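**Student:** Below is a structure I'd like to ask you about.
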Amino acid sequence: MLQSDVSARSGARAEKEGTAHSLLDRTIERFTRHVAGHSSRRGLLGRVGAWVTFGALIPTLPVERASAAQTAKPKFKAPTPFAADAQTTDATACNYWRYCAIDGFLCASCGGGVHSCPPGTSPSPTSWIGTCFNPGDGQSYLVAYRDCCGQDACSQPMCVGTEGDQPSYRPQANNDIIWCFGTGALIYNCSTSVIVGNAS
């Protein structure tokens, strides 16, 4: 008698579960057939493609974002007339910030760089110094100017920066001296500017 009760209960449970599964199966089947009957594969692909395209375009919408906002560069007060006109981008222009005390042709315009001599010339072992204000960061830097020697002058436009220029009896800050002594040739070609350090 016990065995028959157990088998009757398990049969009733299986019938209930089968009904539940078949109800779920029938609902999903009806929904799937409805969607398949009212849409095409091309339509579905078109809608998916439109959503993907729209999703890719969202970042390009003109929305103000705090992370993309640029902070305004602080405007530093220039300590000298040269610094008021100085710029930080074009090293071949006389108003480049490092050239506040230079006197001569720029090696950056003569085949060299801001701090390197053109091929065929050699830097002088001695230099004169100046203190130049960088408008990009608002700091003043100690700059050493070296003449490049060994070839004729490159005949580019000459730059004369007189900031901090001292008389000849203060040669370390005089930019009128040809600093080629100590090299193999005393022929002046151009001048470089090397940052020595922060002047603060």
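For all residues, glycine too, the Cβ spot is worked out from N, Cα and C.
From TrEMBL, here are the annotated features:
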- Trp128: active site, proton acceptor (ACT_SITE)
- Asp147: active site, proton acceptor (ACT_SITE)
- Asp103, Asn175, Asp176, Ile177: substrate binding site (BINDING)
- 87-197: domain 'Methylamine/Aralkylamine dehydrogenase light chain C-terminal' (DOMAIN)
- Trp128: tryptophylquinone (MOD_RES)
**Student:** Across all chains shown, how many C-beta atoms besides its own are within 10 angstroms of the C-beta of Asp147 (active site, proton acceptor)?
**Tutor:** 30
**Student:** Could you give me the DSSP helix, strand and coil counts for the domain 'Methylamine/Aralkylamine dehydrogenase light chain C-terminal' (87-197)?
**Tutor:** 9 helix, 41 strand, 61 coil
**Student:** For Asp103 (substrate binding site), what is the tally of other C-beta atoms lying within 10 angstroms of its C-beta?
**Tutor:** 21
**Student:** Cα of Asp147 (active site, proton acceptor) to Cα of Trp128 (active site, proton acceptor): how many Å, rounded?
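**Tutor:** Approximately 9 Å lies between the Cα of Asp147 (active site, proton acceptor) and that of Trp128 (active site, proton acceptor).
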**Student:** Expressed to the nearest Å, what is the distance separating Ile177 (substrate binding site) and Trp128 (active site, proton acceptor) at their Cα atoms?
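**Tutor:** Rounded to a whole number, the Cα-Cα distance is 9 Å.
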**Student:** Out of Trp128, Ile177, which of these recorded positions shows the lowest number of other CB atoms within 10 Å of its CB?
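**Tutor:** Relative to the other recorded positions in Trp128, Ile177, Ile177 has the fewest Cβ atoms within 10 Å.
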**Student:** Expressed to the nearest Å, what is the distance separating Trp128 (active site, proton acceptor) and Asp103 (substrate binding site) at their Cα atoms?
**Tutor:** 10
